[in-house]
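Enquirer: Below: one structure in structure tokens.
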Amino acid sequence: MSCVEVKNVFFSYNNGDKEEKILNGINMSVDRGTIYTLIGASGCGKTTLLSCLMCIQKPQSGELKVFNQKSAKIPKLIGFMPQQNSLVAELTINETLQYFGHLYEMKQEIFDERFEMISELLDLPDKNLQIRDLSGGEQRRISLAATIIHDPKLLILDEPTVGLDFLLREKIWEFLFQKTTNDNVTAIITTHYISEAANAHRCGFMRNGILIAEDSPNAILDKLNIESLDEAFYHLCTKKENENQIILESENFGREQNEEKIEEQKIFRPKIMKGLLIKEFHRIRRQPLEIFIIFIMPVFQFYLFLIAIGAIPNDLILGIVNNEDQNCNKYTINNSIPIDKCSEATFSCEFTNHVINNNFQKVLYNTHHQALHDFKESNLFGFVEIPKNFTQIIFDETENRTGAVEVFLDNSKYHLLLYTKSKIMSAFLDFMDELAGRCNVNELIRGRPIKFEELYAPLSFDIRTTLMTAIMLSLPFTMTNIFALLIISDTRIAGVWNRTLLCGVKLTEIILANAIECIFISIVIAASMIIGQDFIFGAEVLGSKFLVFSLITGICIVGFMMGFFISILCDKFQASSGLGQLITILTVFTTGLIWPVESLSPWIIPISYIHPLTFPFIANRNIILKGVEICHSSVILGFFVINAWIIVLAVSSYFLLKTKKFSRNF
Ligand SMILES: Nc1ncnc2c1ncn2[C@@H]1O[C@H](COP(=O)(O)OP(=O)(O)OP(=O)(O)O)[C@@H](O)[C@H]1O
């Protein structure tokens, strides 16, 4: 009764315009309860054949059956040991085997029993050691332990004894004999140690994608009339292909196979989910840098922003050139001119006191020249020059006023320029208001035909508050995006996903476990931001904090999923990190973070509209500064964009995973 049947399998790689044939019409049959070794020169296609058997690769034609069905349908009956260890480096030995125990839905008592037996068999090191601290041979033994932990009926082992010492190799072979003899287990093994092949019940020699010989080791030696398998290997590998083909042919192909029962798969398998989540938990907690990047970085950067940005500049020095009255030292702020002196006094000193003293440090100059000299040579931010006829101008009721207060400011410091302009302007208007009331001057003279009323943002409206509304979404988005990119690429490239899928875990389960992890992290980030913003820095939110919290959480999830998608899309780490950088740059320039969307170049506007942050920024700004509620159109649009992105990224990731799954290095 055979356990594995391979019928006329052809497989080739398509490298651009060149088709590279790897398997060239392979036929193979493995009896139940036997050990079958596959031998052949490096690159002859042994691993490819095993990959096809495990449904990792799909052959162009031919048929491969295990227990009369596709191997993917009966993952728990098979123990597959890949050539690459594909283990999570941060887990301990115990956690690694527990992980596989969970994936195979093993009961804890059975797992404990098996763990003890395997530890002894493979002479495993201390179970609390992390995989990354083990030697190559030790890692190989853990990989083998993970393969046999669930006591499978068929073992497919790709070079299981490589890097192991002679004693251990002997022990493993002894174990295989026991399993095949006592428990009717079947084993297919590839090896480069030809002497090992002598232990097998049957042995297959591969060359250039063809099985050129298949029989018991003794029968092969007899047929070739050769003493050792090493000589047989040399003989078969050096003879001309057509000669070999004639020498030996498989006699066993096409025998009856018995079918093993397929376990019904439940829709939700809590043990598997638990295994996936516990693995992630241990992996993350063992990497302090990772924890720092995920949890602390966005929050830390946000706090840093709140500390660093938006404070009032307190050391700005402005010069005064008062051409009307050069002797202003006699005035103080409280020393204002009484009503009865309105008509005879000059007001330039009072003006400079009111306008400048409150907001800036003041330096008096006698001439324009002196002020200009210091402006160029020292740290003077600018100077205000008051004309000779200042008082006359402000009281002039005609429309032919000539002369004006001139303000010279450093244009190179844009934010300080805006701040100074607005301070001087508003202080001037206040001064004129007050003076008009005190000296009974009519409204028109005050030169204030326009009044600015601040409808929204009655909070201390400043650059920090406006920027904060965008920063508190862009930082978590960027950080979660980068985090997902790093982690998923790392896990994929290490082959952990492939090995996990081969244990029978479904793609949806991997996605769900990642989603649970990312939602949890997002909630922690969002909560820390809200707490910091509110309780530590006292930055006010006019609307609902829960809405802001939900926006941050949603944006974190989009960031994660974007990173998830990119890391599946790109097979090389360099490509995925390049794409990640591009997204960060687009976030900075196209979403209204540093430049308003309203004045973006028309070329950029379409990118801005599809970027996941643009509309949530608007929603967040409106919630924080205007206090709008959930039913406001901007908030609805913000949440709609977030949800749309989550759905699009989830669906695209799923289909991309489906096409890529099981490809080499997945
Ligand atoms: N993605 C790929 N694209 C093109 N060729 C590939 C790809 N992967 C593997 N190959 C080629 O397929 C051939 C068979 O590879 P395979 O890994 O099956 O050999 P092998 O017999 O297992 O070798 P070894 O004993 O060294 O492990 C090799 O020549 C290899 O270069």
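Cβ coordinates come from backbone N, Cα and C, glycine included.
Look at TrEMBL and you will find 4-233 tagged as domain 'ABC transporter'. Residues or ranges marked as transmembrane segment in TrEMBL: 291-312, 467-489, 510-531, 546-566, 578-597, 635-657.
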Enquirer: Taking a Cβ cut-off under 8 Å, which residues six or more beyond the ends of the transmembrane segment (467-489) line up next to it in the same chain?
Expert: 290, 293-294, 297-298, 301-302, 305-306, 309-310, 514, 518, 521-522, 525-526, 529, 533, 539, 548, 551-552, 555-564, 566-568, 570, 573, 576-577, 580, 583-584, 587-588, 591-593, 612-613, 616-617, 620-621, 624-625
Enquirer: Report, as numbers and ranges, every residue of the chain located at least six residues beyond the transmembrane segment (546-566) whose Cβ falls under 8 Å of a Cβ in that stretch; write 'none' if there are none.
Expert: 472-473, 476-486, 488, 514-515, 518-519, 521-523, 525-527, 529-530, 576, 579-580, 583, 612-613, 616, 619-620, 623-624, 629-630, 635, 638-639, 642-643, 645-646, 649-650, 652-653, 656
Enquirer: Looking only at the domain 'ABC transporter' (4-233), report the model's average pLDDT.
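Expert: Here the mean pLDDT over the domain 'ABC transporter' (4-233) amounts to 88.
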